[in-house]
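Residues annotated as topological domain 'Extracellular' in Swiss-Prot: 21-193. Feature annotation from Swiss-Prot assigns repeat 'TNFR-Cys 1' to 25-60. As annotated by Swiss-Prot, disulfide bond applies to CYS26-CYS37, CYS38-CYS51, CYS41-CYS59, CYS62-CYS77, CYS83-CYS103, CYS105-CYS119, CYS111-CYS116, CYS125-CYS143. Here Swiss-Prot flags 61-103 as repeat 'TNFR-Cys 2'. Marked as repeat 'TNFR-Cys 4' by Swiss-Prot: 145-187. Taken from Swiss-Prot, the feature transmembrane segment covers 194-215. As annotated by Swiss-Prot, topological domain 'Cytoplasmic' applies to 216-277, with the evidence given as sequence analysis.
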Amino acid sequence: MVRLPLQCVLWGCLLTAVHPEPPTACREKQYLINSQCCSLCQPGQKLVSDCTEFTETECLPCGESEFLDTWNRETHCHQHKYCDPNLGLRVQQKGTSETDTICTCEEGWHCTSEACESCVLHRSCSPGFGVKQIATGVSDTICEPCPVGFFSNVSSAFEKCHPWTSCETKDLVVQQAGTNKTDVVCGPQDRLRALVVIPIIFGILFAILLVLVFIKKVAKKPTNKAPHPKQEPQEINFPDDLPGSNTAAPVQETLHGCQPVTQEDGKESRISVQERQ
């Protein structure tokens, strides 16, 4: 009765030795297949055949432009990424059998996504705005308006707002105030004084010229002439005893406007009102 349990234990050990239990888990960098724990292929290699009771896992290196970046049991390697220049892409880091190619954007462009499958141009900050944050390969330009005391007169994706020039530090005076798009204009104090005095001098000279022209015009204006003195008519007497003298009525000769005028005797000598004046 005592020997039976002992025999059962012996038979159980024998059967276990002949038919071992399949493992339920494998170690790191191994995989379970056909009740066997086979080694994974290292990065840069692909699986050709699984291991057996008598052979190890068979792996081969990836081909040109291919890669595998982890311990694996893949039968095919992955193709390297293509950086399409038509999309603004260029190779930042060439791929190997263990790493993929890394693409980035051309200068002045940035990726539209984390995968960087295409690019767009950086934004430029217009005049009056400066660059707060310069664009990177994966982010766009960030602009900000120039505050008081600063300006930007260009459209740029790199220029920040510049401070106004300090005229005082150069012993100059401000001739024109700055804006968010223009710098302060400085100049010497003598020039500023001249800019004030010269227009005043020109104004005075212009006023004098106007007065002289007015006086000249007044001097040329004709004055009223004094009236000619009224001349009394002169009587011309002819002797009666001259031969061939005419016995007709005597004729008087007067002056009309300094010209002799014949007046018959016996008629009154009258001068028109207009002639008297």
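Residue numbering: from 1, along the chain as shown.
Using the three backbone atoms N, Cα and C, a Cβ is placed for every residue, glycine included.
Here the features listed in Swiss-Prot are painted onto the structure.
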{"residue": "CYS26", "record": "disulfide bond", "Cβ neighbours (10 Å)": "15"}
{"residue": "CYS37", "record": "disulfide bond", "Cβ neighbours (10 Å)": "14"}
{"residue": "CYS38", "record": "disulfide bond", "Cβ neighbours (10 Å)": "21"}
{"residue": "CYS41", "record": "disulfide bond", "Cβ neighbours (10 Å)": "25"}
{"residue": "CYS59", "record": "disulfide bond", "Cβ neighbours (10 Å)": "19"}
{"residue": "CYS77", "record": "disulfide bond", "Cβ neighbours (10 Å)": "20"}
{"residue": "CYS83", "record": "disulfide bond", "Cβ neighbours (10 Å)": "19"}
{"residue": "CYS103", "record": "disulfide bond", "Cβ neighbours (10 Å)": "23"}
{"residue": "CYS111", "record": "disulfide bond", "Cβ neighbours (10 Å)": "22"}
{"residue": "CYS119", "record": "disulfide bond", "Cβ neighbours (10 Å)": "22"}
Exercise. In the predicted model, what is the mean pLDDT computed over the repeat 'TNFR-Cys 2' (61-103)?
Worked result: 95
Problem set entry | Among CYS26, CYS51, CYS103, which are recorded as disulfide-bonded residues, the nearest neighbour of CYS116 (disulfide bond) by Cα | CYS103
Problem set entry | Non-local residues, at least 6 beyond the ends, that sit with Cβ under 8 Å of the repeat 'TNFR-Cys 2' (61-103) | 29, 31, 38, 40-48, 50, 109, 116-120, 137
Exercise. Which chain-mates of CYS51 (disulfide bond) that are at least 6 residues away have a CB under 8 A from its CB, listed by sequence?
Worked result: ILE33, GLN36, CYS38, SER39, THR57
Exercise. How big is the gap, in Å, between the Cα of CYS143 (disulfide bond) and that of CYS111 (disulfide bond), rounded to a whole number?
Worked result: 18
Exercise. What parts of the chain pack near the repeat 'TNFR-Cys 1' (25-60), using Cβ distances under 8 Å and only residues at least 6 beyond its ends?
Worked result: 67-77, 96-98
For this session: By Cβ count within 10 Å, point out the most packed of the disulfide-bonded residues listed: CYS62, CYS105, CYS116, CYS143.
Result: CYS105
For this session: Rounded to the nearest Å, what's the C-alpha distance separating CYS119 (disulfide bond) and CYS77 (disulfide bond)? Just drop the number here, would you?
Result: 27
Exercise. Name the residues of the same chain, 6+ apart in sequence, whose Cβ is under 8 Å from the Cβ of CYS125 (disulfide bond)?
Worked result: VAL131, THR141, CYS143, SER152, SER155, SER156, ALA157, GLU159
For this session: Round to a whole number and give the Cα-to-Cα distance in Å for the pair CYS111 (disulfide bond) and CYS37 (disulfide bond).
Result: 44
For this session: Find the shortest Cα-Cα separation between CYS62 (disulfide bond) and the disulfide-bonded residues CYS26, CYS37, CYS41, CYS105, and name the residue that gives it.
Result: CYS41
Exercise. Where does CYS62 (disulfide bond) sit in DSSP terms: helix, strand, or coil?
Worked result: coil
For this session: Using C-alpha atoms only, work out the spacing between CYS105 (disulfide bond) and CYS83 (disulfide bond) and round it to an integer in Å.
Result: 9
Exercise. Between CYS37 (disulfide bond) and CYS103 (disulfide bond), what is the CA-CA distance rounded to a whole number of Å?
Worked result: 38
